[in-house]
């Protein structure tokens, strides 16, 4: 299990004992699940409303999707209580077998990689607009070479992101965990206010589509919905840390949190689309002029929150790769330094490789909608396919589950403490069968909405005899 260093309050790659505590309340679970979902996906919602053919069809698809999104969360909570696992990968691997568990790991790391690409793409877009504000120029006069995204984004990765991502412990996250949620809520308010106030730069009438061009275009909003509402990877850990681990409590938590997300996303999508119509950009912030003060604040908020969230996403992805290294290459390496994947000789090359690969993809995939389309497709596995796979063996009853999916001797399939079936004691957030090394966090330092599945709680727990 990935624990915290004493007094560090951050993410650590060294297991430490956990302390006892009261567990997470239902209201706290609602807030943390909400923080896991709100984030960079908000920027793409107005464009998705345009691609769907208007407000009515997009909103209809969003409401229908919401039913399946909530159902997936409820299924994951039930599967966690039956399987005794405390992580998403542990539940899938424990109930569906090691082959599906490894597929889940592969999808997990690809999803994290593309999330990192989307982060860099958003930061690059905001840097471009900020340079337009700092160095205004008329169109015939080109901007200086040092304002080019290929230079500024590379410089940012080398000087800021790479040093923040290199350490074994990421302790600063407890100070920035709320930034993503604040940026999302602030942006929604700005978009609504700008629609009614109509600043001089936005004083033209947008061209609005009255109906979708085809039935297939309606479903183009689906990847954005999957990306925006994706919090299912964190759901198992949040459920296992709740004080009252009953299906009724968890269903209420799922409904309230996703309804709140739906409100924020819908306001942004509706008013962003009504403001710009068919001219809306894939990144809604790129549609606003660079000189607007309130929009500049939103740009800075999003840029800072993403720069601080990127190392946490990298940490999660690196943990999976270190687990692969430990299982595949650790024992075969003759050098002791290479046998330990958390050491600098393995950790640093993996970090540099991750940053380099995501930077290259961010520069060669300039359209945010293309990146979110890929992420949304992968997210559907975590939202629909894997929960369905986990539900299938549960249909025959817990007594018929394979041995690897049932807690034995007080431990789950992955060796960590299982979720207590009576809900009287929160469970240990450890890796399950074939699971990634997910870090544990205090409830007060849950990750922001950009991190999606990083909002893992460090509950009170104890090993059962």
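Yeah, the Cβs are placed from backbone N, Cα and C, and that goes for glycine too.
All annotation found in TrEMBL is predicted automatically rather than curated by experts.
Summarising the annotation, TrEMBL assigns transmembrane segment to 24-47 (among others).
Annotation source TrEMBL lists domain 'Amino acid transporter transmembrane' at 25-389.
Outside the transmembrane segment (59-80), and at least 6 residues removed from its termini, the chain residues within Cβ reach (under 8 Å) are 33, 52, 86, 88, 91, 95, 218-219, 221-222, 225-226, 229, 231-232, 235-236, 239-240, 247, 250-251, 254-255, 258-259, 262, 265-266, 269-270, 383-384, 387-388, 390-391, 394, 419. Annotated transmembrane segment per TrEMBL: 59-80 (among others), in sequence order.
Per TrEMBL, transmembrane segment is recorded for 178-197 (among others).
Positions annotated as transmembrane segment by TrEMBL: 217-239 (among others). Packing against the transmembrane segment (217-239) from elsewhere in the chain are residues 24, 29, 32-33, 36-37, 39, 41-42, 44-45, 47-49, 51-53, 57-58, 61-62, 65-66, 69, 72-73, 76-77, 79-81, 85-88, 90-91, 108, 245, 250, 253-254, 257-258, 261-262, 265, 372-377, 379-380, 382-383, 387, 419, 429, 438, 452-457: each is 6 or more residues past its ends and has a CB under 8 Å from a CB in it.
Feature annotation from TrEMBL assigns transmembrane segment to 251-274 (among others). Counting same-chain residues at least six beyond the ends of the transmembrane segment (251-274), those with a Cβ under 8 angstroms from any Cβ of the stretch are 26, 29-31, 33-34, 37-38, 41-42, 45-46, 48-50, 54-55, 58-59, 62-63, 66, 69-70, 73-74, 77, 184-185, 187-188, 191-192, 194-195, 206, 208, 228-229, 231, 235, 238, 242, 280, 284, 287.
Sequence annotations record features per position, and here TrEMBL assigns transmembrane segment to 294-317 (among others).
Per TrEMBL, transmembrane segment is recorded for 345-365 (among others). Sequence-distant contacts of the transmembrane segment (345-365) (same chain, at least 6 residues past either end, Cβ-Cβ under 8 Å): 113, 116-117, 119-121, 124, 149-150, 153-154, 157, 161-162, 165-166, 168, 314, 317-318, 321-322, 325, 335, 337-338, 371.
Here the transmembrane segment (371-396) has long-range neighbours at 41, 44, 68-69, 72, 75-76, 78-79, 82-83, 88, 91-92, 95-96, 100, 104, 107-108, 110-111, 114-115, 117-118, 121, 222-227, 229-230, 232-233, 282, 362, 365, 402, 405, meaning same-chain residues at least 6 beyond its ends whose C-beta is under 8 angstroms from one of its own. Residues annotated as transmembrane segment in TrEMBL: 371-396 (among others).
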